[in-house]
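Encoded as structure tokens, the structure appears first; notes follow it.
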Amino acid sequence: MDLVRVASPEPGPAAAWGPNKCPWATPQNTISCSLSDVMSEQLAKELQLEEEAAAFPEVTVAEGPFITGENIDTSSDLMLAQMLQMEFDREYDAQLRREEKKFNGDSKVCISFENYRKVHPYEDSDSSEDEVDWQDTRDDPYRPAKPIPTPKKGFIGKGKDITTKHDEVVCGRKNTARMENFAPGFQVGDGIGMDLKLSNHVFNALKQHAYSEERRSARLHEKKEHSTAEKAVDPKTRLLMYKMVNSGMLETITGCISTGKESVVFHAYGGSMEDGKEDSKVIPTECAIKVFKTTLNEFKNRDKYIKDDFRFKDRFSKLNPRKIIRMWAEKEMHNLTRMQRAGIPCPTVVLLKKHILVMSFIGHDQVPAPKLKEVKLSSEEMKDAYYQTLHLMQQLYDECTLVHADLSEYNMLWHAGKVWLIDVSQSVEPTHPHGLEFLFRDCRNVSQFFQKGGVKEALGERELFNAVSGLNISADNEADFLAEIEALEKMNEDHVQKNGRKAASFLKDDGGPPILYDE
């Protein structure tokens with residue numbers, strides 16, 4: 001095979017500086033290439049492509065009914081969809097404005113549907129001019145007009161058209177505009193479209209009434225916060241009970257077990273009281289929490305039980321009525337301590353925290369012991385309960401120097417075959433100005449209950465009074481009997497006023513549990 005050679009270019013005319021000199025350097029000789037080598041390389045490349053095609057066959061995708069294309073531009077469709085969505089949102093906002101206008105009507109207080117709008121206000125700036133902008137408040141009829149200022153000279157106009165700052169029309173309109181400054185809850189009416197003018201006398205009376213109503217509502221709100229509901233507690237009491245549980249003194253409070261006129265009783269499981277010493281005070285497994293109600297409705301007519309008690313007479317004050325509730329709780333604590341020392345079956349006091357008294361629970365497994373009014377006893381058990389009650393009354397009068405003052409079948413419990421006395425917050429000493437009257441009332445309640453229960457040995461109210469008090473008052477009827485009791489009370493009161501009597505030192509003698517006051 002012939003070799004193909006590339007001919008070198010023919011030399012040009014000789015340069016002026018020499019026939020054999022080239023200003024672009026000496027040209028290199030080209031390498032000769034055989035035609036057979038070029039054809040061999042091309043054949044090898046074709047064979048390699050055939051082998052690759054056989055090893056990796058081309059995958060064909062079947063054409064579907066959908067439209068396909070390689071160079072389809074979708075940017076214009078996206079813009080068109082956004083424009084259509086914008087128009088839909090504007091139509092929705094226009095409908096929302098109409099609904100808002102219909103919903104508010106002519107009301108002075110308007111409800112805004114702004115949170116339900118689709119289009120942002122700046123996106124809706126190219127709306128038509130004839131469409132009313134819902135946020136335009138330049139001509140808002142609900143906004144009071146700005147009053148015309150009065151110059152320093154005190155009048156406006158000249159000649160007959162002079163208007164001073166004391167003009168009746170100007171002052172009336174200013175007073176009408178000032179009604180907007182009243183409290184939100186005060187109804188001032190709707191004066192849109194009306195030229196209302198209030199005189200100074202009417203405006204001042206209305207202003208004073210608005211302030212009075214605001215103060216009255218504040219007092220009612222404060223009273224509601226400090227009051228105690230029928231079966232609930234106020235926030236302060238709830239916080240005190242929470243602190244008892246949080247400190248570990250009580251494990252948990254299960255619920256309400258009794259509700260009275262002066263207090264609410266809750267059941268709780270006891271824990272332990274840490275007093276900073278090596279040994280901690282043991283609290284009963286089950287406790288009763290007596291919460292004295294902080295409302296004074298039931299205590300207003302019962303102050304005679306505590307204001308004439310010599311133990312609390314010096315501390316009683318009508319100027320601090322809320323502290324009377326604490327004195328009731330403290331009084332019951334000291335009375336229970338006296339009874340406990342005398343061996344009378346009664347709850348054991350654990351702790352006194354302001355108006356909350358924690359005691360031992362009389363019952364079992366959250367079930368309180370039944371009252372004598374509720375329990376069904378046999379004739380022998382009823383007779384035994386009567387003699388126990390008689391002994392408890394004598395023991396309470398002689399050893400504890402107390403009169404229950406509210407003893408009845410509702411304040412006596414039957415538990416483990418014994419009569420238990422509860423609710424002694426109103427108990428007083430026999431030297432109380434009405435102590436003997438309270439004792440006679442207790443004797444009447446006890447005598448009537450056991451006589452109705454079929455106890456033949458039950459004494460009458462007058463015989464029971466003499467048996468408990470040790471007095472031998474002889475009278476044919478009840479009126480004379482009460483007259484002699486009042487005479488004895490009067491004699492005792494005169495003796496006290498003449499000779500004086502010191503308050504009982506119960507703080508040293510009773511040895512009760514700690515009294516906690518958190519001011």
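Backbone N, Cα and C atoms are what each Cβ position is placed from, and that goes for glycine too.
Note that this is a predicted model, so its numbers are computed, not measured.
According to Swiss-Prot, the protein has these features:
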type     : residues                                                                       : note
ACT_SITE : Asp406                                                                         : active site, proton acceptor
BINDING  : Ile257, Ser258, Thr259, Gly260, Lys261, Glu262, Ser263, Val264, Val265, Lys290 : ATP binding site
COMPBIAS : 124-134                                                                        : compositional bias 'Acidic residues'
DOMAIN   : 251-519                                                                        : domain 'Protein kinase'
MOD_RES  : Ser8                                                                           : phosphoserine
MOD_RES  : Ser112                                                                         : phosphoserine
MOD_RES  : Tyr122                                                                         : phosphotyrosine
MOD_RES  : Ser125                                                                         : phosphoserine
MOD_RES  : Ser127                                                                         : phosphoserine
MOD_RES  : Ser128                                                                         : phosphoserine
REGION   : 122-159                                                                        : region 'Disordered'
Let me know the model's mean pLDDT on the domain 'Protein kinase' (251-519). 82
Excluding Ile257, Ser258, Thr259, Gly260, Lys261, Glu262, Ser263, Val264, Val265, Lys290 themselves, which residues in that chain have a Cβ inside 8 Å of the centre of the Cβ atoms defining the ATP site? Val291
Can you tell me the CA-to-CA distance separating Ile257 (ATP binding site) and Ser112 (phosphoserine), as a whole number of Å? 50
At a 10 A cut-off on CB-CB distances, which of the recorded positions Ser112, Thr259, Ser263 has the highest count? Ser263
Which of the three DSSP states, helix, strand or coil, fits Lys261 (ATP binding site)? coil
Neighbour count, 10 Å Cβ-Cβ cut-off, for Lys261 (ATP binding site): what number do you get? 9
Going along the chain, which residues six or more apart from Val265 (ATP binding site) have their CB under 8 A from its CB? Cys256, Ile257, Ser258, Thr259, Ala288, Ile289, Lys290, Val291
